[in-house]
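As recorded in TrEMBL:
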type: TRANSMEM; residues: B:12-37; note: transmembrane segment
type: TRANSMEM; residues: B:49-72; note: transmembrane segment
type: TRANSMEM; residues: B:92-112; note: transmembrane segment
type: TRANSMEM; residues: B:137-161; note: transmembrane segment
type: TRANSMEM; residues: B:173-193; note: transmembrane segment
type: TRANSMEM; residues: B:214-233; note: transmembrane segment
type: TRANSMEM; residues: B:253-272; note: transmembrane segment
type: TRANSMEM; residues: B:279-301; note: transmembrane segment
C-alpha cells in the first residue's frame with residue numbers, strides 16, 4: 001500500500017499560480033468566491049534593502065497522519081484512507097465546520113448552497129463532482145492518484161516545485177529527499193504528523209552598489225518610470241519605437257482587425 | 001512579534017457563542033432544578049421551581065440547538081450526527097448532541113410527571129403517557145437528567161479544547177471555565193425564576209443559590225486570572241496574541257471581568273455578609289450581570305481564538 005506525501009521546494013516556486021488554476025478546474029472549486037483547495041501566498045521577507053526577498057509559499061491540506069479534523073468530525077464525513085489521503089464525503093458532511101477550526105493549517109473552506117448554484121453554472125450540471133454543501137479541502141486529487149496519475153497541481157507545476165512521493169517506496173527519489181531531512185513539515189510540534197514537506201528557501205541577498213542607490217523608485221542607476229524631465233511617449237511614438245508588426249505573428253490577424 | 005502571521009476564525013461566530021451559552025446554562029438549570037426537587041432542598045417541596053427550571057432549560061437547549069442547526073451548511077445531513085457516536089466515539093459534538101437531546105427529554109418528562117395536567121392538554125395521550133412514565137421512573141429520569149446535563153455543560157468546554165492549534169482553547173482551563181460558568185449562570189437564572197415567576201418565598205434556597213453562585217464566580221475569577229497568566233507567558237505567539245486581543249478589549253475587561261464577574265461577586269458578598277439588604281433588586285441585578293458575563297465569556301473566547309502560520313520557518317537557512 002502506498003502512503004502519499006508531497007514535497008514543495010520553496011526555492012523553485014515562481015508564483016505563477018498555475019497549480020491554483022489547475023486545482024480549481026480539476027476539483028471544481030468556487031474560486032470566484034476566493035475558495036481554493038491550494039493557495040500560493042506572495043510574501044516578502046526582510047526589513048532592509050540588502051536582505052529583502054520575495055517568496056511564494058504554496059499551501060494545501062497536509063494530509064496529517066494524526067489529523068485533528070478527522071477526530072472532531074461528528075458524522076465521520078472526514079476520514080483517512082489507508083494510502084494517507086484525508087478526504088471529505090460531501091454526502092455525509094453536515095457542515096458544522098468543527099474540522100475547519102481543528103485544522104491548524106487553515107486548509108478547509110465552506111461550500112454553501114449559493115456556491116453550489118454558482119458551481120452548476122460554471123462547471124455544468126452533468127459534470128459536477130460535488131453537489132452537496134459542506135466543507136471542502138484538497139484530497140491530493142484522489143481520483144487521479146488512484147488512476148495512476150499525479151495530482152493536478154504537481155503535474156502543472158512549471159518549476160517542478162511540487163513533487164509527489166510514496167513514502168512506502170524507499171526507492172522513490174522524493175521519499176529519499178524527505179528521509180534526508182532537507183524537507184520539513186509545517187508545525188511539527190502540534191503532533192499532527194503532516195505529509196506535506198517544504199524545502200526551505202536558501203538565504204539570498206540582492207546586491208547592488210550602495211553609492212548608485214539614489215532613493216525610492218531608482219535602483220542601480222535605472223529609473224523605472226523613465227528619465228526625469230522627459231515627457232511621456234505618445235501612442236504613435238510607442239508604435240514607431242516598436243517597429244513594424246511581424247506579419248508572421250499569430251497575433252497579426254488580431255492587429256489587422 | 002516579528003515574522004509571524006496570524007489569523008482569526010470567522011466560521012464559529014456569535015451564533016455558536018449563543019449555542020455554547022444557552023447549552024451550558026440550560027443544561028445546568030435542568031440539573032439544579034431536578035436536583036433540588038429530588039432532594040427536597042431545605043425540606044421544602046420545590047416542585048414548582050423544578051417545573052419552571054426544567055421547561056426553561058428545555059427552551060434554552062432547544063433554542064441553542066436551533067442556532068447550531070441554522071449554522072450548519074447542509075441541514076438535511078443533520079441526522080447523521082446521531083449515528084456518529086457509533087463509529088466516531090472520539091467526536092465531542094456527537095456525544096454532546098445526544099446528551100442535549102436525552103437531557104431535554106428526560107428532564108421534561110420528569111417535570112411532566114410531577115405537575116398538574118393543563119386543561120388544554122387533557123386530550124393529549126402523549127402527555128398522559130409522559131405523566132405516567134415520569135411518575136413511574138422518576139428516580140432514573142432524575143439521575144439521567146442530572147448526568148446528561150452536567151455532561152452537556154462540560155461538553156461545551158471540551159468541544160473547544162479539541163482544537164489543537166489554538167492555545168486559548170486547547171488547554172485544560174477551558175472546560176473548567178465553561179463548566180463553572182455554566183453552573184454560575186444557571187444558579188443566577190434559577191434566582192431570577194424564583195424571584196420573578198415562582199415566588200415561593202423559599203429564602204433558605206435562594207440564599208443557598210446566592211452563596212453557591214458567589215463561590216462559582218470566585219472560582220471563575222481565579223480560572224480567568226490563571227488563563228490570563230497562561231496566555232501572557234505562553235511559549236507560543238498565538239497565545240500571547242489571544243491575550244492581547246482579550247485584555248485590550250474593553251468589553252472583556254470591563255464587560256466580562258468587571259460587570260460580569262467582579263460586580264456580582266461584590267454584590268453577592270455584601271448581601272450575604274448583610275452589609276446591604278438582600279432585596280429582590282440586588283439579587284436580580286447580580287443575576288442579570290452574571291448572565292451578561294456568561295455570554296460575553298463565550299463570545300470573546302471564540303473571537304480571540306488565533307491561529308498562526310509559520311511561514312518564516314522556511315524563509316531562510318543560514
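A Cβ is built for glycine as well, from the same backbone N, Cα and C atoms used for every other residue.
Please treat TrEMBL annotations as automatic predictions, because they have not gone through curation.
Sequence-distant contacts of the transmembrane segment (B:137-161), counting only residues of its own chain at least 6 positions beyond either end whose CB sits under 8 Å from a CB of the stretch, comprise 20, 23-24, 27-28, 30-31, 34-35, 37-38, 54, 57, 61, 92-93, 95-96, 99-100, 102-103, 106-107, 109-110, 113-114, 169-172, 174-179, 182-183, 301-302, 305.
Annotation: stretch B:173-193 has the most Cβ pairs under 8 Å to the transmembrane segment (B:12-37), among B:92-112, B:173-193, B:253-272, B:279-301. Counting residues 6+ beyond its ends, the transmembrane segment (B:214-233) has Cβ neighbours under 8 Å at 167-168, 171, 173-174, 176-177, 180-181, 183-184, 187, 239-240, 242-243, 246-247, 257, 261-262, 264-265, 268-269, 272, 290 in the same chain. A Cβ distance under 8 Å defines the sequence-distant neighbours of the transmembrane segment (B:173-193), meaning residues of its chain 6+ beyond its ends; these are 20-21, 24-29, 31-33, 49, 52-53, 56, 153-154, 156-158, 160-161, 206, 209-210, 212-213, 216-217, 219-220, 223-224, 226-227, 230, 264, 283-284, 286-288, 290-291, 293-294, 297-298, 301.
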